[in-house]
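Taken verbatim from TrEMBL:
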- 4-119: domain 'Tetrahydrofolate dehydrogenase/cyclohydrolase catalytic' (DOMAIN)
- 138-290: domain 'Tetrahydrofolate dehydrogenase/cyclohydrolase NAD(P)-binding' (DOMAIN)
- 164, 165, 166, 234: NADP(+) binding site (BINDING)
Ligand code: NAP
């Protein structure tokens, strides 16, 4: 069994980006610039945004942060987005999800200029991804593709089972694994909460990608020997022994499943750090498009 080490790999990627940014600056160019909009003060969202800003500092990007009250109206939020759409100094930005219930998430995503949508959530970018055109890929599936590529995990001709069909993980993941390229060329089965006898599919899978958010859902008796496991799930579960009072749990019963796996991602330290690094790669793509 080999670990797909997202911490090690994301550090390598961030160092590559850092060197590139240094070379841009040596050539007298400005640094790439990423923005983040946070609505409200949800603890997890705050941490995600803080980490994104920290990553920008590490690689030498400029960053901007806009923290808005959770009472802001949808119209006011969209007006802020328009301002950032029109800001020539900003290469790309994200609106941290989830948003307060009174705000229509679709309307907000649609308001972002697709050329600045470094989360890759805008329908235009999603469509381009599905058509295998160059675009911003959603960061989590992008990070998994990068991980499979850099660890040289074979995917062509393999049967990949994805559990979960969300717009940010499961569905784009299934599209990317079926694309004509490497990684990709997998035969993909996408499963969800209405799938009957899910284990029937996972038992036959060469690669299982879990993105459902149910701690330790995937058990050892649901997979075959030699399976590749990518665990996207991150759920906070109570842990009185931890200073924070919780720990992060994946969707996979790691201790038992690892005995059968050829490759496996840990949680934490697998997909999460890769997701962070891919947002930087998307920002770099936006910057390079702007500086052609
Ligand atoms: P989501 O929007 O809640 O989607 C969950 C998906 O799982 C849905 O498609 C749902 O099916 C399916 N599902 C739920 N229970 C199931 C069951 N018992 N059997 C089969 N399918 C089931 O979640 P998400 O945003 O995709 O996130 C999934 C997990 O990944 C969460 O733990 C999240 O925190 C984590 N995550 C991690 C990262 C990272 O960087 N590591 C990034 C994003 C998300 P239906 O469609 O039928 O409801």
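Positions of Cβ are set from backbone N, Cα and C atoms, glycine also.
Note that this is a predicted model, so its numbers are computed, not measured.
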Measure between the Cα atoms of every pair in 164, 165, 166, 234, the residues the record assigns to NADP(+), and report the largest value in Å, rounded to a whole number.
-> 16
What is the total of other Cβ atoms whose distance to the Cβ of residue 234 (NADP(+) binding site) is within 10 Å?
-> 19
On the domain 'Tetrahydrofolate dehydrogenase/cyclohydrolase catalytic' (4-119), the mean of the pLDDT values is 97
Residue 164 (NADP(+) binding site): secondary structure state under DSSP, collapsed to three categories | coil
Sequence gap of 6 or more, C-beta under 8 Å: which same-chain residues meet both conditions with respect to residue 165 (NADP(+) binding site)?
-> 171, 174, 190, 191, 192
Run through the Cβ atoms and count how many others sit within 10 Å of the one on residue 166 (NADP(+) binding site).
-> 16
Local backbone state of residue 234 (NADP(+) binding site), from DSSP in three classes = coil
